[in-house]
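**Q** The structure follows.
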Amino acid sequence: FFLSLKLEKKTKGKLQKQICQVVLDHFEKQYTAELGDAWSSVRDVLTSPWCWQHALLLNRFSQCSGLESSLAEQGYHPAFPAALPYLPAAFRCYIRTAPSRFPSQKHQPGKLKEYYLLNAASLLPVLALEVKDGEDVLDLCAAPGGKSVAILQCACPGHFHCNEYDDLRLRWLEQTIESFIPDALINLIMVSKLDGRQIGDLQPEFYDKVLVDAPCSNDRSWLFSADPQQAVLRLMQRKELSSLQFQLLRSAIKALRPGGSLVYSTCTLSKAENSDVIDLILNSCRNVVPVDISEMARGVSQEFTFLSGMQQHELLVLPEKGRAWGPMYVAKLRKMSST
């Protein structure tokens, strides 16, 4: 026990030193204004990686005998209650309150991984999307691939298009798909390296469902920027992100069939990249309406902490000790059927 305490102190010291002060100061100012009292407990979690938790999304394409019972023995339990409006039987995710991390599995060509380690909140956009078998689905900004893998745990799309514009992230996406998805299904997946802002023009009204997990200022990783100059540059460029996010959403709406729906998500707390972008879309696109996701939010409120005062079509997961999931913003929209 003393050894583990010593180790924890050592780890704490090491991680504490890596917090990027310029980013923390910036967040302090912005999020005190935007989140009020909620910010101080969120900040405590974001700046304490030793209390972060990891969920295990089980891979339905891999026979992992005994994994579920071994997880139960270690205090893990299913993350999502069966009472949710949409929860496919094959979708199994396990979490526990203790912050320890389950070992990750190495990529082995020809062998499927049994589980994907992730922030449990990042599965909420997938559950909000409600993909059904045979639907044509677009994951517009798909790398590193966790949400694409999660979509395939829910249903078997008729056509599944995973897009990633960045070279390095594209390779990461391809490797993730190869690690989790059997060859027979991989043939149904189209992986592309297109500018997401152009897909709507290239494939107008082609998809039933679109996920826009947009590039954003990733609060968790930005706080630990090793290079202060890069951090300053990121903070300067932060203002331009909402414009990119808006353009990606416009493109996604064009790519949607009338009657189709889209989910927009980010892993930032920033209102400028979340509610403001969605409000701008709703005010500028006449053919789009918000979709109520409050029932899903209520269904998972045991495991997740949400910012109060949000609209019914959106939610923001706030990290909290013991429920250190998020940040994760989710909003759902539907393209109206043409009359």
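Each position is counted from 1, following the chain as shown.
A Cβ is built for glycine as well, from the same backbone N, Cα and C atoms used for every other residue.
TrEMBL entries are annotated by machine, without manual review.
The domain 'SAM-dependent MTase RsmB/NOP-type' annotation in TrEMBL covers 50-336. Annotation source TrEMBL lists S-adenosyl-L-methionine binding site at C141, A142, A143, P144, G145, G146, K147, E164, D195, D213. Under the heading active site, nucleophile, TrEMBL lists C267.
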**Q** Which residues does D195 (S-adenosyl-L-methionine binding site) neighbour through Cβ under 8 Å, counting only same-chain ones at least six apart?
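**A** D195 (S-adenosyl-L-methionine binding site) has long-range Cβ partners Y165.
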**Q** For the S-adenosyl-L-methionine binding residues given in the record (C141, A142, A143, P144, G145, G146, K147, E164, D195, D213), what is the largest pairwise C-alpha separation in angstrom?
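**A** Across C141, A142, A143, P144, G145, G146, K147, E164, D195, D213, the two farthest Cα atoms sit 20 Å apart.
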**Q** Can you give me the same-chain residues 6 or more apart in sequence from C267 (active site, nucleophile) with a CB-CB distance under 8 Å?
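**A** Same-chain residues close to C267 (active site, nucleophile) (Cβ under 8 Å, separated by 6 or more) are N119, S122, C216, N218, D219, R220, G326, P327, M328, Y329.
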**Q** Ten-angstrom check, please: count other Cβ atoms within 10 Å of the Cβ of K147 (S-adenosyl-L-methionine binding site), all chains counted.
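**A** By my count, 23.
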**Q** Have a look around C141 (S-adenosyl-L-methionine binding site) and count the other CB atoms within 10 A of its CB, chains all included.
**A** 23
**Q** Let me know the model's mean pLDDT on the domain 'SAM-dependent MTase RsmB/NOP-type' (50-336).
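**A** In the predicted model, the domain 'SAM-dependent MTase RsmB/NOP-type' (50-336) has a mean pLDDT of 95.
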